Every structure is written in structure tokens, then in C-alpha cells.
């Protein structure tokens, strides 16, 4: 594997011998070796254990030794070649009543839309050596980005909760004596063991973990194709079809674009000489291949639940244990014990999907303030793991509703975030040369953030009028599909309102503040 060793184990951070900037100016630090503070003691222990100590501090160019484009692509390939992606495909028929053809078309086009910002933001990492939330200070300001950080923490923990529920369903399908909470704890602890050590170990794990899950998914495809249970559900038409496609598209978009808020986190150790075009398309390939394959496989398998023969094992499996149940219905009868082994492999694939979430939640917490930055990343990683376990256990019994609502939330807020970021980058900065990475921790040299927060609020307004949820249907959504649910166009309106309002507000902010 072409992955070079990370050399930044002993990190210069808030307590190092190097000064760092805060709201009050430059503050002298204290070296890990000589410091007697709790922070210094914890970091010294981390260094002995080879735990990555770097937090949100900029990665110096002489420490960016990861030159492998394969690391970039396989990172996202492993994260998405997982059973969570498959579970998204099941929703096409289960929640929205779509057939195979129309669901696959929605899957393709909305994934194209969703992955584009992730690919683009990934190219910022090698150029600046800054994490995604820190980069966001150049758009939202030093203080304004804290609003985004709160949303990102919720997203990271929410993703992790959703994912471990899916994995726990698979473990329960293999052995009904294993309760949901046990499966959740097993997967969460495995994830923590990897993310605790940091960037190097995460990338090493993700380099290989896609292989066994890909093999199992191919076996699943082969067994299902041989079974003859695939049903061609006719494509719908009219306003009800429009609403279903838009709503399912919102879910697809939310899953695909969900990595945008920490895309640069996984390219910061790439040197600035790396080709931005190659980085973009490595991420694009790593995302599109598993997303399309897994989601379309889920769409195909779910058609088998529509067979009305009085003894539909696919529907019975789905009703018993959702994702795990339908996979068990495909694999267990023909493969027996080996089918159960395949399900265990897919359950453990959740670890690959959760690693970026739990690694990034620690970094995001450090953006919230000086005191959070003084807590090492790996401590926040541990706290985050405890929190999402506590959320996932009660959510296990209500997975479908939790999944749909959470996926829409992800798509909504990230579309608004992307609207602000892309508006600033393409309309005002227009070039990578317009960024001065040395200003990342100097509030007086960053934008005030007023325009960004205002645009974010405008994006929320657009989101509200376009959202279609069980508990609220916006006035625009009512006309985008058949009542009572209409069609969900919240992320489209959220992005448009945020992009346009920022373009106007930023002009006046620059005129008044000059930065």
C-alpha cells in the first residue's frame, strides 16, 4: 500500500512551544515535554501510544507526506461500500412506492448532484492543510462558523447512530438472541478503537475494508439474480410520481452530500503539489461507484417484497428485521451458515462508514471555542462515541422514521452550507490564491460572518417552505406532489436562497468591514 507514515505524532497545538492566535491575540504555549498542565500530560501519554495529537491546527507543508491518490479514493470507497448505502435504496419502495427504473434514475442524478461539493471541498485540503470546519471560517467567520460546527456535530453523531442501528439489525438477523443494544455497542467500540489513533490508522483501515464488503455484495447480487424474485414494478406517472421522486431524491442527496462538511479532513496530509483535478476525480470515483451499486442493489431487492403469493419470505424478513431481515431472506435459504457469515461481514462494514463521522466530530468540537480546543481530539472522539450509543439504542425500534427524517435534515442544512460556501468562493474569492491560510485562527483578519449567518437564515426560510415531512408540509412542497405529502424540494430552495442572499449581503459586508 502506497501510504507513507504520518510524522506529526508530537504536535504543536495550544500548549506547544509555538505561539497560537486567539481572540485576544498571540498566546505563548508550553511544550508537551516540559508542561505540567493536564493537557500536556494527556498529550505526552498519547504520544507514547502513537495516537495522533494534532487537532484543528494547520498541517505544515513539511509534514504532508501522504502522496497516494489511492488513499483518497479508497477512503470514500470503503466508507460507502457498506450496508448503510444499501439501506437507503430500500426506502425507494418502502416509503415512496417507486419502481425499479424510476428509483434508479433518481438515484443516479441526485447522487451526481450530491457528491460534487464533497469532491470539490476535498481539493482544499492539500492546498491549505486545514480541516473542513476550519476552512469554513473563511466563509462564515471565526465566530459564525460555530453555528455550522453545532450542526456538524449533530450530523456526525446522527450519522453514527443511524449506521450502528443498521449494523445491529444485521447482527440480530443472524442471531435473534443478540439484542439490538448489544450489536450497537459492538460496532461502536470497534469504530472507537480505530478512530482513537487518528488519521493514519483511519486511512489504513479504509484502504482495505471495501474488499470483503464488495465481495459479499456481489454474492448477494448473484444469489438474488438466480432466485428469480426480481419484480419489474411499472414506472409511475403524474403529480404523485413527481412528489415521490423529489422526496426520494432528497434522501439520496442527503446521503451523498453528507460528507461535505468534513471532506477536507481526509486530504490535509496530501502535499500542495498534488493535482486538484486528480483529487477531485479520485473522490468522485470513490463515492459514485459504491453509492450507485449499493443503493441500486437495495432498490432491486425491495421489489421482491411486492410479490403477493401468501408466503413472501422477503417481506416477512423485512418486517421482522428491516435491512438485516431482507438480506437474510436472500442469503440464508441458499447459503445457510455461509450466508450468516456474509451478514456479519456486512454488519461490521458499518465501522468503515462510521470512522469519518467519529474522527471528524472530535475536530469539529475543537472549533467551538478555546476551551474545546484545549481538550484533545481523541477525548472528544470518546465522548462522541458514548453520546451516539445513547441515541442509537432507543432509536433502534423506530429505524425507518428516524432514517428518513435524519437524511432530510442532513440534506437540508448541508445544502444551505454549500450555498454560502460556493457563493463566496465563486463570486468573491474566485481563486485559491484569494485565501491566506495563515489567517485561519486570526478573527480580525477573517470575514465578520454577518453575511454568512444572514444567508444561512435565508436558506432555512427556503428550506421550510419546501420541506415535506410528516409533521409539516411547506406551501411550495404541497404543489410539488400529490397531497397530503406533496414533494420535498427543501434542499433545492435552501441552497438557492442561501446562495443568492449571500451574494447580495456579502457585497455590503465587504463595503462596510473591508474583510
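Heads up, the Cβ atoms here are built off N, Cα and C, so glycines get one too.
Fair warning: this is a prediction, and the values are worked out from it, not measured in the lab.
Checking the ranges 253-278, 279-304 against TrEMBL, the transmembrane segment annotation falls on 279-304. The range from 1-32, 33-64 that TrEMBL describes as region 'Disordered' is residues 1-32. Contact between the transmembrane segment (103-124) and the transmembrane segment (279-304) holds: at least three of their C-beta pairs are under 8 Å, each pair 6 or more apart in sequence. Of the Cβ pairs linking the transmembrane segment (75-96) with the transmembrane segment (207-233) and spaced 6 or more residues apart, 3 or more are under 8 Å, so the two regions touch. With pairs at least 6 apart in sequence, the transmembrane segment (409-428) and the transmembrane segment (144-166) have 3 or more Cβ pairs within the 8 Å limit; the two touch. In this chain, the transmembrane segment (378-397) lies apart from the transmembrane segment (207-233): fewer than three C-beta pairs between them fall below 8 angstroms, excluding pairs fewer than 6 positions apart. If you look at the transmembrane segment (178-201), the same-chain residues 6 or more away from its ends with a CB under 8 A from one of its CBs are 3, 5-6, 49-52, 54, 160, 163-165, 167-172, 266, 268-269, 347-348, 350-351, 354-355, 358-359, 362, 377-378, 381-382, 385, 388-389, 392-393, 396-397.
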